[in-house]
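Following: one structure in structure tokens, then a few remarks.
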């Protein structure tokens, strides 16, 4: 009996521990390396630990569930997630940086495997637990960053972070945590494990820390994500309430805090830096040339980081769509865009279903946040980082609520209609 109980506990916790283990191994660094070492640098203990964690995740899933043929047709979102990961892995064959790309491709495939098993075997309660632990991790990280500020790097002189996590990456953690807190705070939202002030305090900490990171992409992204969440989480009545409350706030904020908002937006940069979006326009011009050289299949996995580093001294495309087009060409770009469209469309459809409305609205808000933030950061289109892993988790969570039998909410008739899902 005791052994069976422990097996059940492990089964309940694996959907939380595996994704968080990969996130911690990928983004929580105890040392800072120059950007040039990311592609051609040697392997140190931190890199070996990161690779080892991904390997252990894959080994655990194999030992726990084995290799079995699927018993039912997979949802379109899951198929597209696998197609994107497989195409990225295939592109290692023609990338100019095969060793680095092979490692990243392996990590992306492990992420897809974890996503698949969560999508097919996890319960909604498991994902609520994952959300709680992730928020707790972020709050503890913020407290550590305040209490133990490490040596500042050129990228973090006046911007908040913790350990050696880049402020842009920290903004992604904080944005996701803030949206999760709002989903727990909303009336009839996700099931709470603690009193509501705990979630309110966590949301306030996440919001304040996000502003302190000085990450403009994350700030705009969280505004869009919160708007998408609130406008869809409570139906028509909720949308009216959000518009009535939100419109005066949007009018008053620039009037009351115009100087602070302008200071945050400019971040002390020169006119030339602002006009070039911190050299991003030069980078995107070079990206256009790289896409034209290999327009159909792209330059291969992880090529954007190496190509831009050699030409401009900047690693990565600093835009998810630029990154995908450079590395995957039109084929990779089409798969990636179709994945985003399907996930957004499915969750928008599920916001009409009362039983899973808040979850669908949350996933819609999370994906909106990552996409808007991805207009100035490329992590979501890569591998082994919090944005990429959460993109796959959104796919998995979407599949979990898709397979949950639900009934469509009637507008003019209180009788229940025997509809399993609003999505064919």
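Note that Cβ sites are derived from N, Cα and C of the backbone, with glycine treated the same way.
TrEMBL: automatically predicted annotations, no manual curation.
Here TrEMBL flags 203-337 as domain 'O-antigen ligase-related'.
Outside the transmembrane segment (12-30) by six or more residues, the chain places 46, 49-50, 52-54, 56-57, 60-61, 64, 107, 110-111, 114, 118, 122, 126-127, 129-130, 133-134, 137, 163-165, 169, 173, 384-386, 389, 393 with a CB less than 8 A from a CB of the stretch. Residues annotated as transmembrane segment in TrEMBL: 12-30 (among others).
Residues or ranges marked as transmembrane segment in TrEMBL: 42-62 (among others).
Positions annotated as transmembrane segment by TrEMBL: 74-94 (among others). Within its own chain, the transmembrane segment (74-94) is flanked in space by residues 101-102, 105-106, 108-109, 111-112, 115-116, 119-120, 297-301, 327-328, 331-332, 335-336, 338-339, 342-343, 346, 383, 392, 395-396, 398-399, 402-403, which lie at least six positions past its ends and keep a Cβ under 8 Å from the stretch.
The transmembrane segment annotation in TrEMBL covers 131-150 (among others).
The transmembrane segment annotation in TrEMBL covers 162-187 (among others).
The transmembrane segment annotation in TrEMBL covers 217-233 (among others).
According to TrEMBL, the transmembrane segment annotation covers 240-257 (among others).
Annotation comment: TrEMBL describes 320-346 (among others) as transmembrane segment.
Panel annotation: around the transmembrane segment (358-377), residues 124, 168, 171-172, 175-176, 179-180, 182-183, 186, 188-190, 216-218, 220-222, 224-226, 228-230, 232-233, 277, 280, 318-321, 340, 343-344, 347-351, 387, 390-391, 394, 397-398, 401 of the same chain, lying at least six beyond its termini, place a Cβ under 8 Å from a Cβ of the stretch. Summarising the annotation, TrEMBL assigns transmembrane segment to 358-377 (among others).
Nonlocal intrachain contacts for the transmembrane segment (383-402), taken as residues 6+ away from its ends with a CB within less than 8 angstroms of a stretch CB, comprise 19, 22-23, 26-27, 50, 54, 74-75, 77-78, 81, 88, 104-105, 107-108, 111-112, 114-116, 118-120, 122-124, 127, 130, 169, 172-173, 176, 301, 339, 343, 346-347, 350, 356, 359-360, 363, 366-367, 370, 373-374, 377, 421, 423. Annotation source TrEMBL lists transmembrane segment at 383-402 (among others).
Listed as Cβ neighbours of the transmembrane segment (162-187) (distance under 8 Å, sequence separation of 6 or more from its ends, same chain) are residues 27-32, 131, 134-135, 138-139, 141-142, 144-145, 150, 153, 155-156, 196, 199-200, 202-203, 206-207, 209-210, 213-215, 217-219, 221-222, 225-226, 229-230, 233-234, 358-359, 361-362, 365-366, 369-370, 373, 377, 379, 385-387, 390. Beyond the transmembrane segment (131-150), the same-chain residues lying 6 or more positions past its ends with a Cβ under 8 Å from any Cβ of the stretch are 16, 20, 24, 160-165, 170, 173-174, 176-177, 180-181, 183-184, 190, 193, 199, 202, 205-206, 209. Remote same-chain residues near the transmembrane segment (217-233) are listed as 168, 171-172, 174-175, 178-179, 182-183, 186, 189, 207, 210-211, 239, 242, 246, 264, 348, 351, 357-358, 360-362, 364-366, 368-377 (criterion: CB distance under 8 Å, separation of at least six residues from the stretch ends).
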